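Note sheet for the following structure.
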Amino acid sequence: MTSDNFAGNHDKPPTRSTSILTKLAHGSAPFLSTFLLIHLSAPALATIGGSSLSSNVMLLGREYYQTVFGERYLLLTPLAIHVASSMSKRLIAPSSNPPRKLTSTLSITAYSALLVFLPIHFITHRLAPADASPPIFAVGPSELDYEFVKTGLAQFPWRSWALYTGLVASVLVHAVEGMYVIGATWLGARISSRARKLIAGAAAFPVLLGVWTLWREPLMGLSSVVERYGASFNRLWVYRL
């Protein structure tokens, strides 16, 4: 997510406070982009090497974003700074220099990701599997690979497809729109709306193609583990609809 407005949007210059918030929002964006690149590489590579390669890439990626240091300082802290600075900027923006409209593509994708898709994804893939009560019995990190994703796609196909597609679309469209804002603010670079849509689509295509590859693969996990996976998904209301 990126700041809701930038210097090129309005005739009047930003105040000192909004300028600082803009720098915080833009400065935190590269950390989030790095996380996205690493995290989304795993499903994208399923097209080449199936779930085995995806799982291996995911395990390597966890060394960046799921260690005590990495998760705290390379992911969660930049995310908190990004969200807080962008929302604060919207709240304190003077009437002479109003924030970007909530109906803009940048804002819609930001809030749909933040309020809908990211919370569901985090609960589904991190919190629910860690439940130590039966029948989940705390699925450990070593067991939580792309067989988990495949189980969700097999047992809850339309829900999983809707959530993965919504998440990938919202974060990648937002990322491309955000890069445009940052480039326009600091470099004066301009990219047409059509070009930005094509870039976002080109980025999303290999990821969703990888998800389709995973969906087509047979489940290869032990039946007892697959049952625990299924129970984990059922912990969340959206999979019980």
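Using the three backbone atoms N, Cα and C, a Cβ is placed for every residue, glycine included.
Look at TrEMBL and you will find 31-53, 104-124, 161-186, 198-215 tagged as transmembrane segment. Among the features that TrEMBL reports, domain 'Mitochondrial adapter protein MCP1 transmembrane' is placed at 117-203.
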Same-chain residues at least 6 beyond the ends of the transmembrane segment (31-53) with a Cβ under 8 Å from one of its Cβ atoms are 1, 61, 64-65, 74-75, 78-79, 82, 145-147, 149-150, 168, 171-172, 175, 179, 206-207, 209-211, 213-214, 217, 220
Grab the same-chain neighbours of the transmembrane segment (161-186) for me: Cβ-Cβ under 8 Å, and only residues 6 or more beyond its ends, written as numbers and ranges. 1-3, 6-8, 22, 26, 29, 32-33, 36, 40, 105-106, 109-110, 112-113, 116-118, 120-121, 124, 153, 196-197, 199-200, 203-204, 207-208, 211, 215, 238
